Amino acid sequence: MFVLVEMTDTVRIPPWQFERKLNESIAEELNKKLANKVVYNVGLCICLYDITKLEDSYIFPGDGASHTKVHFRYVVFHPFLDEILIGQIKSCSQDGVHVSIGFFDDIVIPPESLQQPAKFDEAEQVWVWEYETEEGAHDLYMDIGEEIRFRIVDETFVDTSPTGPSSAEASTSNATEEVQKKEAPYTLVGSISEPGLGLLSWWTNS
């Protein structure tokens, strides 16, 4: 679930921090810059693990701050494919079941990856597994807040870097729609379409 990623960056330390130890100032600046941010094709950055190398610091003309090239390792949330995680159902929609693991919410289990046969209950706004038994079908509801065990089957990174105006003809209403439809920078796709996966209560209660 968590991996150590080796990174390199040039860190700017303002003059009023020169009285502090360089390592402390650099660690604080790196966490300000990276913590809780998604790095494209890397994952969600959690916290600095350690600094492996500091190169020479430079002060450039017109800027009283020091600039130091830093080699460091960062703790990153990036589950591997086929890893099994446990989260809570945040919401349900026609697009599938949306899951949260507390610090990360952009997890979706699409309809085709649910236990089958499954249907979406419009009235309750939840997905239902129509579990077949010898006595007939039983509706097992995937209620919001329930704990769910799922397998990671895919991941999607979206480059959310700022871009210029799309076109001169773009209206204000279109711009508003684009903001509302802005994609998450990092999305995980899960699956519960195998025995043992799904709501924990399905498998723990006999």
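Just so you know, glycine gets a Cβ as well, placed from its N, Cα and C.
Summarising the annotation, TrEMBL assigns compositional bias 'Low complexity' to 166-177.
Taken from TrEMBL, the feature domain 'RNA polymerase Rpb7-like N-terminal' covers 8-64.
Taking the domain 'RNA polymerase III subunit Rpc25' (83-203) as a whole, pLDDT averages 80 in the prediction. As annotated by TrEMBL, domain 'RNA polymerase III subunit Rpc25' applies to 83-203.
Summarising the annotation, TrEMBL assigns region 'Disordered' to 160-179.
Broken down with DSSP, the domain 'RNA polymerase Rpb7-like N-terminal' (8-64) shows 16 helix, 25 strand, 16 coil. Secondary structure of the domain 'RNA polymerase III subunit Rpc25' (83-203), assigned with DSSP and counted as helix (H, G, I), strand (E, B) and coil, comes to 16 helix, 55 strand, 50 coil.
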